[in-house]
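For reference, TrEMBL has these:
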COMPBIAS  492-501  compositional bias 'Polar residues'
DOMAIN    26-473  domain 'Major facilitator superfamily (MFS) profile'
REGION    492-512  region 'Disordered'
TRANSMEM  25-48  transmembrane segment
TRANSMEM  160-185  transmembrane segment
TRANSMEM  218-236  transmembrane segment
TRANSMEM  248-268  transmembrane segment
TRANSMEM  289-309  transmembrane segment
TRANSMEM  329-349  transmembrane segment
TRANSMEM  356-376  transmembrane segment
TRANSMEM  382-408  transmembrane segment
TRANSMEM  415-434  transmembrane segment
TRANSMEM  446-468  transmembrane segment
Amino acid sequence: MGLFDAFRDVGLLAWLREGRQSRRLILLIVFIALLLDNMLLTVVVPIIPSYLYTVDDAASNAVRKNSSSSPSGTFQTIVSLYDNTTRLTNISPQFNTPTMPPTTTVTSAPNASNCPKADDQLLNENVKVGLLFASKATVQLITNPFIGPLTNRIGYQIPMFAGFCIMFLSTIMFAFSSSYTLLFLARSMQGVGSSCSSVAGMGMLASVYTDDEERGNAIGIALGGLAMGVLVGPPFGSVMYEFVGKTAPFLILAVLAVLDGALQLFVLQPSKVEPESQKGTSLMTLMKDPYILIAAGSICFANMAIAMLEPALPIWMMETMCARKWQLGVAFLPASVSYLIGTNIFAVLANKMGRWLCALIGMLLVGISILCVPFAKDIYGLILPNFGVGFAIGMVDSSMMPIMGYLVDLRHISVYGSVYAIADVAFCMGFAFGPSAGGAIARSIGFPWLMTIIGIVDILFAPLCFFLRSPPANEEKMAILMDSNCSMRTRSYSTQGSSYQMGDDMDPDSPE
């Protein structure tokens, strides 16, 4: 038995040792981390608007009931002290008995209905829900500039594991929080965890997949995890909330997060500090690069479209379609499915057709699809526009994420933590400004005008992607690449004519 245990231990250690050197296993870890992070991101989309409306409606009804019942009760007791018959003299006996049943049926009918009125309370939910949804992206936006340089100093493993720990705590808070303040805090805490996971995960993939085509495929697969989270989150949350309750979906996510944390702990060894071998380009220098700004802008405005939909669409459906709870999440299902399809198709296809062209078409399609959303009369009318939105955002993300790494290779030092921090900042700007401004705009001028504004913005930004067709290389980088002492070979980057050189000793096909 002892010999068997020894062989088992040796086999486990060997598997772990090989796992730490395997690019596929690292890709799997990043895939799972993005999957769970975005499940938590989107599982609240159908739950929070309905939950907050229910809580606020119950509180307002209780206040209204107390304010209306206490004076009348006092009046009745005072009058009854003197003469009970005087209370009945103002009401004719023949109308006294038949009027009671109608009043009870009229007051109970709205409570039994699933269709809230378009009153100030429902309109105010746009602002509250928008601010809560935006808090995660806002905190992530603030955190990203620190996480990017941090990964250059200590490596990607520790921030990746820290992201898991913070996300687990956030999930538990969501499960057991019942007040707006605690839900806001849980959402904000998730922003710190997401910053660690996304920046470290994307940087880790860019560092182990050095070939541009392989990197695009790997990032496409990782974005597939993000798409799966976005796909599963809303319907999973709405169905669980409808039939089980608010706590159950978050507890299930917490259990899955623990399993992912165990895999990270054994494979990545997050206790080890592994800084980059060379100092990367500063964050400010990267942010001054116009080509990086165009790529980041594409990510920002494309994702801002779905970010504005998330808080505003469920409330608009409650107001105009009399939608049930489970329908509030299922409405996002076409966008999630199409995003998964788009990221997987264009992870490969974008490299052949030109990533700049793929992003340009995607931005145009996002704008057109968003403009069509307000024309839906029921949940079935949302299928085609939401499908177009998700598919187009998948085109943009799967094109722009690899371009960010390529631009660093071409124009700066090949250290990727800071550039993917910028990419995540762009993503977060969309999800911070989108819900917060979108909720206020929907309340003031209406949901259709909100969709019109963001649709036009996406269409107007699309032509800027043309400048990414053939970005020029940095002069110092070109001088190094064109050094006659280095044997050179060409690695083509599919932007129709652009290419860069790389030494033969830098083999992109690192051992698995």
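Glycine is treated like the rest: Cβ placed from N, Cα and C.
Pairs of Cβ atoms less than 8 Å apart link the transmembrane segment (446-468) most often to 356-376, out of 25-48, 218-236, 289-309, 356-376, 415-434. For the transmembrane segment (218-236), the partner stretch with the highest count of Cβ pairs under 8 angstroms, out of 25-48, 160-185, 248-268, 289-309, 382-408, is 25-48. Between the transmembrane segment (356-376) and the transmembrane segment (25-48) there are fewer than 3 Cβ pairs closer than 8 Å, counting only residues 6 or more apart in sequence, so the two stretches are not in contact. The stretch in 25-48, 382-408, 415-434 that contributes the largest number of Cβ pairs under 8 Å to the transmembrane segment (289-309) is 415-434.
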